[in-house]
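**Student:** Sharing the record's features from TrEMBL:
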| type | residues | note |
| --- | --- | --- |
| TRANSMEM | 6-23 | transmembrane segment |
| TRANSMEM | 35-58 | transmembrane segment |
| TRANSMEM | 64-85 | transmembrane segment |
| TRANSMEM | 106-126 | transmembrane segment |
| TRANSMEM | 132-152 | transmembrane segment |
| TRANSMEM | 164-186 | transmembrane segment |
């Protein structure tokens, strides 16, 4: 996977966390530095950790499924993309409870928004991916996206949430199709 594909993938994976960060920004009257750090570190950290775990799961089973690896990457990315598009079309409201930056809440949200990254990590085992570069980009880009989303949500509200998830889903499907086409026609 080339550098630009990793950038697009990182942005797409960060869209769930971006959407949640928009909601958090929307529901907080005044943001402080600690809010930015909490959101960025939790979401960026888990978005980087989960593909690493997925990668090691993938290489454990690589010899069993090497002949169909491109199909696995295509199916995983497409399913994740379709899930994100479906979620973007469901009109969910942001939660505005007072302890939304607490450990349990943030841990649950970070895990929930990074499950997609775990599945993508499995596909990394079958692709020509620089794992360190990929997890670095995924983590940093998600961190930055979440900080932007927190501020944007605080300023403009929930209107943007569904658009971010829709875009992220489309990008993942396009990457899945690109991987499939490359392996079927150019390998």
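From the backbone N, Cα and C atoms, a Cβ is placed for every residue, glycine too.
What TrEMBL says about a protein is an automatic prediction, not a curated fact.
Map these features onto the structure and tell me what's around them.
**Tutor:** Within the chain carrying the transmembrane segment (35-58), a Cβ under 8 angstroms from the stretch's Cβ atoms is held by residues 13-14, 17, 20-21, 24, 28, 101, 106-107, 109-111, 113-115, 117-126, 131, 134-136, 138-140, 142-144, 146-147, 150-151, all 6 or more beyond its ends.
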**Student:** Can you tell me which recorded stretch out of 6-23, 64-85, 164-186 has the most Cβ pairs within less than 8 Å of the transmembrane segment (132-152)?
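**Tutor:** Checked against 6-23, 64-85, 164-186; highest Cβ contact count belongs to 6-23.
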**Student:** Sort out the residues at least 6 away from either end of the transmembrane segment (164-186), same chain, that have Cβ-Cβ distances under 8 Å to it, and list them.
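**Tutor:** Cβ under 8 Å, 6 or more out: 1, 5, 8-9, 11-16, 18-19, 22, 69-71, 73-78, 80-89, 116, 123, 127, 149.
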